[in-house]
């Protein structure tokens, strides 16, 4: 086996002055990802003379190194044989690795003699650069005898594969006769139909990688002189995906904020928090534990845009929400007490005190000018609600709720009117009548004069519509 080699000097960075045009750098493309500027570029090969010739015997295997120049972004590789546009065609004997860029010839034949030039292409910028030619020369000291396969291209022992990605595993061997490549899973599970073999089985491709595709894969190179194998484990990895995100929130000053975000992924994602684009640290009022953020005793300076970030080595996801911290004096503009409230004697009445206030206001109830206290019949709740049970005429009065916080005071007043229960003093009785006759059914009541009374009649549980059935039913009297 022969491997060509050469030295690449450390690239020198060019500094462009104000008076001299900068023209010795390769074109580039750029993109911004998560606030970082990514520049895709491909420098030219270092200027040099023709690379040293590679001398090889017929039947021997050879590796021609490409050695890509400095670059950023994904590359693809091809090789030119002698001169453009004659390119090296891949088959069971020749293979171009898209991982290393090198050209592998399993068994050299006389027709392989010539000059080989590596072509490097940046898939983003579409720029191509060419190496200097490497001459391949056939030695005259005989033909190489047969030997067992030697795997020169194989995938790593551990290959992390992201969910839904396209995974490509390379395997190629030198040997005489030309080795045949085959693949298997060590678990014995057969390949699904989506798995493809390409380049005379030198490349195994798994599109749309899923968790069930993970496992140990083995490449076997075999000829009549023997066989060789290489294996590695392909592990399942997934970019984080949100299970729970944060949403815009408005909270009162001095309250406690609690936000939690959750994501799955493999490896398990880690979390961080940003406020207005700046990294947050746990200290004092701010506590951060994985995907949970809590801020106690909120103040106005806590308002802003927050982001929860879940990330692993396959990517990051962001969840954003606005926090508004409110500070205002109490106001009953949206929830005043009714000016007049009516309640039946002996019943229970509930009066609600719900001011808008940040922070929440402390409420106080008055009956007239008297401050109300808790009794067996009177209940005062922390949320400001007043409840009076078994009310009597003595409970009739004006009731005022006063709400106060450190920004101000407000109040709302309503008058409670206690009425006597309405009673039916004369009601219909059982009657026998002749078909076709008219009858009058009596209904008299006693009621509180403060109440507006209305009457309705029903027959067999169905309300009578006096407009629709006026030819048959009629209201008479008061």
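Placement of Cβ uses the backbone N, Cα and C atoms for every residue, glycine included.
Values in this document were obtained by computation on a predicted structure and should not be read as measured data.
If you check TrEMBL, you get these features:
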DOMAIN    27-131  domain 'Ig-like'
DOMAIN    149-235  domain 'Ig-like'
DOMAIN    240-324  domain 'Ig-like'
DOMAIN    330-419  domain 'Ig-like'
DOMAIN    421-478  domain 'Ig-like'
Check the domain 'Ig-like' (149-235) for me and report the mean pLDDT. 94
Honestly, do the domain 'Ig-like' (149-235) and the domain 'Ig-like' (27-131) touch, with at least three Cβ pairs under 8 Å and pairs 6 or more apart in sequence? yes
In the domain 'Ig-like' (149-235), how many residues does DSSP put in helix, strand and coil? 3 helix, 53 strand, 31 coil
By DSSP, how many residues in the domain 'Ig-like' (240-324) are helix, how many strand, and how many coil? 3 helix, 54 strand, 28 coil
DSSP-derived helix, strand and coil totals, residue by residue, for the domain 'Ig-like' (421-478): 0 helix, 11 strand, 47 coil
